[in-house]
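According to TrEMBL, the protein has these features:
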- A:6-415: domain 'TRAP C4-dicarboxylate transport system permease DctM subunit' (DOMAIN)
- A:48-68: transmembrane segment (TRANSMEM)
- A:80-103: transmembrane segment (TRANSMEM)
- A:109-126: transmembrane segment (TRANSMEM)
- A:138-161: transmembrane segment (TRANSMEM)
- A:167-190: transmembrane segment (TRANSMEM)
- A:216-234: transmembrane segment (TRANSMEM)
- A:240-256: transmembrane segment (TRANSMEM)
- A:268-293: transmembrane segment (TRANSMEM)
- A:313-343: transmembrane segment (TRANSMEM)
- A:355-376: transmembrane segment (TRANSMEM)
- A:396-420: transmembrane segment (TRANSMEM)
Ligand code: NA
Ligand code: NA
């Protein structure tokens with residue numbers, strides 16, 4: 001029966017129907033065929049899946065990031081990143097990674113990061129004679145830092161399901177994000193060394209450097225507000241996201257002053273559309289998760305995994321495989337909604353730290369953002385580069401390989417991500 | 001003409017829901033820290049507003065051509081007829097699901113109305129919140145029918 | 001389970017597998033399955049796996065779930081009458097609570113659920129509520145201006161406003177974080193939740209106040225109930241009542257262990273004396289009056305009578 005569920009889901013997806021329809025539609029068909037449960041359950045669970053206060057931070061972090069982005073933060077961040085690493089071999093490519101990191105600290109979403117950084121830097125990379133595949137690849141993959149560096153929609157969903165501290169998850173995201181970035185920066189450096197032509201010639205005066213730092217610093221106030229506010233107990237993670245919106249509005253409207261009435265309206269509509277796009281998927285993922293739970297998939301998965309081994313590392317590695325395969329087809333936040341209720345009880349039973357688990361899962365979802373055939377980063381990258389999906393899918397291959405190595409490192413060494421919350425909360 | 005009005009209404013609802021909920025939470029924080037008393041209903045309001053945003057917004061997402069799907073099949077298929085067939089089938093499935101949302105979402109709304117359940121904080125009848133589902137089904141049906149009739 | 005002659009009861013509760021609630025659920029399962037000679041199968045879903053308390057209640061109304069254990073305070077939006085059990089200091093001891101909640105009064109208060117398509121068959125418990133906080137509590141004045149986390153229930157919110165506190169409804173699953181991060185400074189719950197949710201880790205003081213009784217209503221979908229034969233109805237109802245005894249005994253036994261766990265963690269444990277209790281009772285007396293018109297004077301009288309009867313026993 002569970003096999004039938006997944007075959008039907010895959011078939012519907014391949015018919016290019018919207019994924020939310022594929023997920024919720026599969027459940028509807030299964031209930032109609034195999035049980036006498038009234039079909040209203042589908043509606044009720046879709047509703048209940050998003051009627052959660054902890055999920056309210058998703059729209060607000062999306063809005064805050066858009067305010068900064070429309071308000072002019074992207075180019076300031078890029079300038080700062082370029083000043084810091086631009087003169088090194090592969091400097092402009094490193095700039096992409098660093099700028100994605102900075103933007104990730106404002107945005108909770110990976111595709112938003114791809115758009116904000118990629119739209120400006122992809123043409124610049126081509127101009128500096130970086131290869132088309134390399135340029136598209138680094139822009140697409142680096143965008144995933146958007147969900148590893150806090151704030152992160154993925155971590156919020158994980159926290160909402162498991163009750164794990166979103167504050168601790170956010171702080172652990174920093175360590176993991178730095179490791180992830182270093183992997184890409186190293187690759188950019190080697191690529192730059194090999195293709196000697198790609199070295200930036202632009203230099204900046206001290207005065208310019210200080211101004212760039214000051215300009216970008218306003219935007220970088222957002223992570224400080226979010227983490228500081230949550231840590232000091234002034235507000236909950238969800239409320240922190242609302243505060244971030246007001247702070248972003250302040251910076252955009254009072255400090256940067258680049259927005260027009262028209263762009264403000266457009267920004268609000270865009271934010272609402274992105275919110276609906278994410279939330280309707282979560283809603284559908286929630287009923288899909290309910291089907292799996294009530295059909296006993298939890299017990300089934302637990303017994304088959306534990307039969308194999310009960311060593312935490314082996315369990316984590318098996319989870320990595322499950323999430324990577326799932327991530328090829330479904331959006332990360334929805335995947336967490338579906339898989340975490342099944343996996344979490346097993347993980348805690350074998351003694352895996354819930355925060356470490358959250359970070360490993362987040363990194364998996366971050367990679368899933370650019371693994372073909374389905375990945376939000378792939379889609380938006382295809383948009384900003386004007387290349388077909390098949391082209392982008394090829395471009396990201398080396399980055400997928402690097403990410404696998406990083407994923408294994410992060411899985412094997414929990415302390416890489418856990419040191420910050422351990423310092424702060426103890 | 002109808003499309004333009006509809007788009008305006010949809011945009012107003014989703015932007016209004018987003019802005020009002022962020023405002024409610026902000027006011028709540030300020031009240032709590034300055035006046036030592038919060039808006040008990042702020043949390044609940046934010047949840048309900050985002051639920052409305054989601055179901056009405058689903059239609060806007062389709063309007064803007066941004067619903068997420070596994071589109072790789074369209075690139076792999078070379079035959080034009082096969083492409084059209086796959087695309088239309090996908091839309092038809094989505095339309096069927098929208099009709100499902102209307103019928104069963106409507107049924108849930110009516111049931112909840114009859115049972116008279118109210119929300120704990122706002123004391124709002126829950127059927128008003130549930131009605132976002134059939135409403136979303138109605139709007140998305142309209143959008144999918146438009147897509148179905150579009151020439152490819 | 002393609003055998004259509006087997007009836008399946010999916011039973012949901014909101015606590016973990018190592019709690020008295022789950023032990024009670026297992027007792028219910030075992031009795032139902034044995035007495036029905038396998039005609040009825042019970043599947044237990046702990047830890048809110050199938051949904052929150054409110055969601056689970058809706059599912060029973062719609063007939064998409066057969067059974068659930070739901071705290072009475074969470075039922076305020078469905079049938080306000082159930083809140084009568086949540087009035088502060090309404091039961092002076094466990095024995096009185098059990099006597100009242102197993103008496104004819106049970107059927108009276110559950111009657112309001114029938115038109116909401118729910119069938120109540122027994123009261124289980126989570127126990128008496130205690131305070132945890134980062135400061136000493138010995139009188140209602142100590143709650144003045146304090147941010148307290150409460151369940152999302154209008155009556156509980158009113159109760160804490162009445163003593164000048166700042167009640168904040170926060171989801172059960174977010175409460176630990178809210179306490180740790182100082183969004184709220186205190187909360188109220190029975191020991192089982194204080195220990196299982198590890199609230200004591202982030203709170204300095206436990207005040208044993210017994211200031212309210214947290215009852216779980218054992219509910220069934222009315223449609224499901226009506227579809228059962230009389231024999232099966234009897235099996236299910238008596239199993240729920242017998243399991244209530246198991247669950248209550250298990251709760252009482254566990255509370256000693258819970259208390260020790262809290263003490264061992266270094267959290268200070270205080271008890272309020274009779275004079276202090278009287279001050280709290282006094283401060284919350286108006287709540288009972290305010291709620292008489294919501295709960296109905298009739299129901300209130302019947303409760304008073306049931307309590308009197310229980311005291312005479
Ligand atoms: Na981020
Ligand atoms: Na993917």
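Heads up, the Cβ atoms here are built off N, Cα and C, so glycines get one too.
Just so you know, TrEMBL annotations are computer predictions that nobody has curated.
Of the ranges A:138-161, A:167-190, A:355-376, A:396-420, the one with the most Cβ pairs under 8 Å to the transmembrane segment (A:48-68) is A:138-161.
Here the transmembrane segment (A:396-420) has long-range neighbours at 136-138, 140-141, 144, 171-176, 179-180, 183-184, 187, 313, 316-317, 320, 353, 355-356, 359-360, 363-364, 366-367, 370-372, 378, meaning same-chain residues at least 6 beyond its ends whose C-beta is under 8 angstroms from one of its own.
At the 8 Å Cβ threshold, with sequence separation of at least 6, the transmembrane segment (A:355-376) comes into contact with the transmembrane segment (A:167-190) through 3 or more pairs.
Mean pLDDT of the predicted structure over the domain 'TRAP C4-dicarboxylate transport system permease DctM subunit' (A:6-415): 92.
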